[in-house]
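Engineer: One structure coming up, written as structure tokens, with questions to follow.
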Amino acid sequence: MISSILHYEFLQNAFLSGIIIGIIAPLLGVFIVVRRLSLIADALSHVTLAGIAGSLYLSQTFTGLALLNPLYLGIVASVSGSVLIERLRRLYKHYEELAIPIIMSGGIGISAIFISLAKGFSTDLFSYLFGSVSAVSRQDLFIVVAIAVLVLAFIYLFYKELFVLSFDDEYAKASGLPAKWIHLLFMIITALVIAASMRIVGILLVSSLMTLPVAASIRIAKGFKQAILYAIVFGEAAVIAGLVSAFYLDLAPGGTIVVISILILLVVIIGKKISMSVRA
Amino acid sequence: MAQLPLIELKSVSFQYDYTQVLTNISLKVEQGDFLALLGPNGSGKSTLLKLILGLMKSTSGQIELFGQPANTFKHREWIGYVSQKSNSFNSGFPATVKEVVASGLTKKIGLFKRHLASQNSKVIQALRDVGMDGFADRNIGELSGGQQQRVFIARALVAEPKLLILDEPTVGIDHENVQSFYDMLASLNEDHQMTMILVTHDVDTVSNRISHVACLNQTIHFHGFKNDYDSLSADQLNAWYGHVVRKIHHTKEEKTQ
């Protein structure tokens, strides 16, 4: 395996992107889960699909756009989706969750139109839906690195504000923090992480990498920093083991990563039950 | 220099959708006051606090905080806030007591700056003030309601506010703990000269701690010294609140306990 990674650029791209995503997706995921925004991540990933499908259609139709990286339109769609969700949530103050099905079905609907215009599923599209070990280009890797830098800078600079906002929204506003702006930035950053992660885990499974490692970590973590640390450890383990098994078994890495994440979650849940009954 | 009132409301009204919630409220809170804000459910107590805290905007009238108009007031960290238990916080949240209390320093530290190790001693001191220093490394969700509420007071205290606003802080706390909870507030008020606004239903329990009373039912019916409130007739209170209100009476001995 190691020698293959040293030999093949595509494997380096996939593993380096995977390792980076294994850090940033669970890191942001902790905030998403404790703020009960897991479903929003799912909705955003479907909007990203619309951008990807649109881009694939455009590059099929216009030869001048043949080399356009679908990630760019994916990012544009995802970020616009995040801003739209916020707008809708404010419009429907008493039905905030309504924003999720509106945006999600909108995303899938537009994707369906572009996919049929582009004459059905291509292998390219399949790799965007479920991830791929072989399709990650050097350019994709650079985009992932750039997004990771933004995400880490954002969390570093706004950690304490994000903590207050996540823990107690009303208290954050009462203490005069610019809650609205930080929240909007947070949504945009979430959209970026979703766009970055989909190359490896696939659009349909992106939100799982933001939620499953966190679901395991909050079962056992003492404190918030520890919750973040465990989530990253679990996420990273799932990504690396998932990529290796996907490579050897010729499977879509989205599938293997998610199944391993669920196994980790089960081990944590059962392990905690056992240790509690031993102590009791 | 003449002391400015910490809070001054001038003919403040608030309407929500088409319902008039507050009408023509004028109220002053001075340095060192311990004000109990009383009123039946739905009388607009929480709304009034939210206007002061900047969580809502009044429909008309003026609100001044520390002599500055509320909408341009920059020192929200001078005002500590403890909301009703379980109101806005998720009890499964993975955070230690220490992390929760340290989050009270967020506004004071300012954007783009990080917590410093030196602030750790402030966190521990705040926990000591509320008698919770033994719980610093526990997860917040493991504590009882009364303990959590003490931690939230510590979160407010750690930023050394000049004014503490508490919205029915003892709801859901068992009776014995309520008493010691108010003892703690009283000592903060007396020893640290901290001004307090307390929304409460426990008039009986709290009455020997407070200095002022304001009675609210859409508008302010009474605002004055606690002793003057005690001499009001029950009929008067019933007229304001529209139903029978238990009158509080405390003997001198009780007050000096």
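Placed from the backbone N, Cα and C atoms, the Cβ positions cover glycine too.
Predicted automatically and left uncurated, TrEMBL annotations should be read as such.
Quick paste from TrEMBL:
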{"type": "TRANSMEM", "residues": "A:14-34", "note": "transmembrane segment"}
{"type": "TRANSMEM", "residues": "A:39-58", "note": "transmembrane segment"}
{"type": "TRANSMEM", "residues": "A:64-86", "note": "transmembrane segment"}
{"type": "TRANSMEM", "residues": "A:98-121", "note": "transmembrane segment"}
{"type": "TRANSMEM", "residues": "A:141-159", "note": "transmembrane segment"}
{"type": "TRANSMEM", "residues": "A:180-197", "note": "transmembrane segment"}
{"type": "TRANSMEM", "residues": "A:228-248", "note": "transmembrane segment"}
{"type": "TRANSMEM", "residues": "A:254-271", "note": "transmembrane segment"}
Engineer: Contact between the transmembrane segment (A:14-34) and the transmembrane segment (A:141-159) is defined here as three or more C-beta pairs under 8 Å separated by at least 6 residues; is that satisfied?
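Structural biologist: They are in contact.
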Engineer: Tell me whether the transmembrane segment (A:180-197) sits in contact with the transmembrane segment (A:64-86), defined here as at least 3 Cβ pairs under 8 Å among residues 6 or more apart in sequence.
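Structural biologist: Result for the transmembrane segment (A:180-197) with the transmembrane segment (A:64-86) is yes.
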Engineer: Establish whether the number of Cβ pairs under 8 Å between the transmembrane segment (A:98-121) and the transmembrane segment (A:39-58) reaches at least three, counting only pairs separated by 6 or more residues.
Structural biologist: yes
Engineer: Going through A:14-34, A:64-86, A:254-271 one by one, which has the most CB pairs that fall under 8 Å from the transmembrane segment (A:228-248)?
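Structural biologist: Comparing A:14-34, A:64-86, A:254-271: A:14-34 has the most Cβ pairs near the transmembrane segment (A:228-248).
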Engineer: Let me spell it out: take the transmembrane segment (A:64-86), skip the flanking residues so only those 6+ beyond its ends count, and list any with a Cβ under 8 Å from a Cβ in it.
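Structural biologist: Residues packing against the transmembrane segment (A:64-86) from afar: 40, 43-45, 47-52, 54-56, 58, 99-100, 103, 107, 124, 128, 137, 139-140, 143, 183-184, 187-188, 190-192, 194-195, 198-199.
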